[in-house]
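*Asks:* Swiss-Prot feature annotations, pasted as is:
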SIGNAL    1-19  signal peptide
TOPO_DOM  20-221  topological domain 'Extracellular'
CARBOHYD  Asn64  N-linked glycosylation site
CARBOHYD  Asn157  N-linked glycosylation site
CARBOHYD  Asn163  N-linked glycosylation site
CARBOHYD  Asn189  N-linked glycosylation site
TRANSMEM  222-242  transmembrane segment
Amino acid sequence: MLLLLPILNLSLQLHPVAALFTVTAPKEVYTVDVGSSVSLECDFDRRECTELEGIRASLQKVENDTSLQSERATLLEEQLPLGKALFHIPSVQVRDSGQYRCLVICGAAWDYKYLTVKVKASYMRIDTRILEVPGTGEVQLTCQARGYPLAEVSWQNVSVPANTSHIRTPEGLYQVTSVLRLKPQPSRNFSCMFWNAHMKELTSAIIDPLSRMEPKVPRTWPLHVFIPACTIALIFLAIVIIQRKRI
């Protein structure tokens, strides 16, 4: 079977599919949440393939004009007699997204259908933080969330530009961080919005700088202040200890 697949791959590119055997796809695009499971399905008419022993099915992931057998998908062979080639992918990951070719072989005849998997992770949990910037009268607002695909961040009704960046997590998700620095105003809230354009999904968080003020941004003590202060404290402690011993 492993030797047969490369030959079939070449045949799929060079020759039209025989009309004697037809594969259909009840669903061509699958949108799946990270961590959930999915079953990719392509169907065929059992009346066109009378010998059960002659039915073979495989799922190949298409990347860079090449196709490789999917190691993440498991064929549910008990569904073949029902005219279904069902491939189960558990605990979907970001790397499972892409295009697949569902190939069904019936004796000397074969056909295939392309299926697409779109993986998403909603930016539902938005962590917010407020820090007071000493000596400026300004606050630093931060919104951070993880998701997939990459989202755009905007701040509603704010003219000050925000500093937005992202990194990839080991799971392949995007960790997006947006930082805004400005002077707070009484009775004014700020809203950061994460727009996932690929999935047409919008999530947001509201920040009230005055009601949820966190501790100030810690100042770094200069060495020329820190060292003398420690020295004086040690001298004072030594004097106290010596006087107690004399008593």
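First residue shown is number 1, and so on along the chain.
Quick reminder: no glycine exception, Cβ is built from N, Cα and C everywhere.
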*Asks:* Using a 10 Å cut-off on Cβ-Cβ distances across all protein chains shown, tell me which of the glycosylation sites (Asn64, Asn163) has the largest neighbour count.
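*Replies:* It comes out as Asn163.
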*Asks:* With an 8 Å cut-off on Cβ-Cβ distance and a minimum sequence separation of at least 6, pull the same-chain contacts of Asn189 (N-linked glycosylation site), or say none.
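*Replies:* Counting only residues 6 or more apart in sequence, the Cβ neighbours of Asn189 (N-linked glycosylation site) under 8 Å are Ile206, Ile207, Asp208.
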*Asks:* What does DSSP assign Asn189 (N-linked glycosylation site), in three states?
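*Replies:* Where Asn189 (N-linked glycosylation site) sits, the three-state DSSP reduction gives coil.
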*Asks:* If one measures from the C-alpha of Asn157 (N-linked glycosylation site) to the C-alpha of Asn64 (N-linked glycosylation site), what distance in angstrom results, rounded to a whole number?
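*Replies:* One finds 43 Å between the Cα atoms of these residues.
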*Asks:* Expressed to the nearest Å, what is the distance separating Asn64 (N-linked glycosylation site) and Asn163 (N-linked glycosylation site) at their Cα atoms?
*Replies:* 35
*Asks:* What does DSSP say about Asn163 (N-linked glycosylation site): helix, strand or coil?
*Replies:* strand
*Asks:* Once the chains shown are all counted, how many other Cβ atoms turn up within 10 Å of the Cβ of Asn157 (N-linked glycosylation site)?
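*Replies:* If we count other Cβ atoms within 10 Å of Asn157 (N-linked glycosylation site), we arrive at 8.
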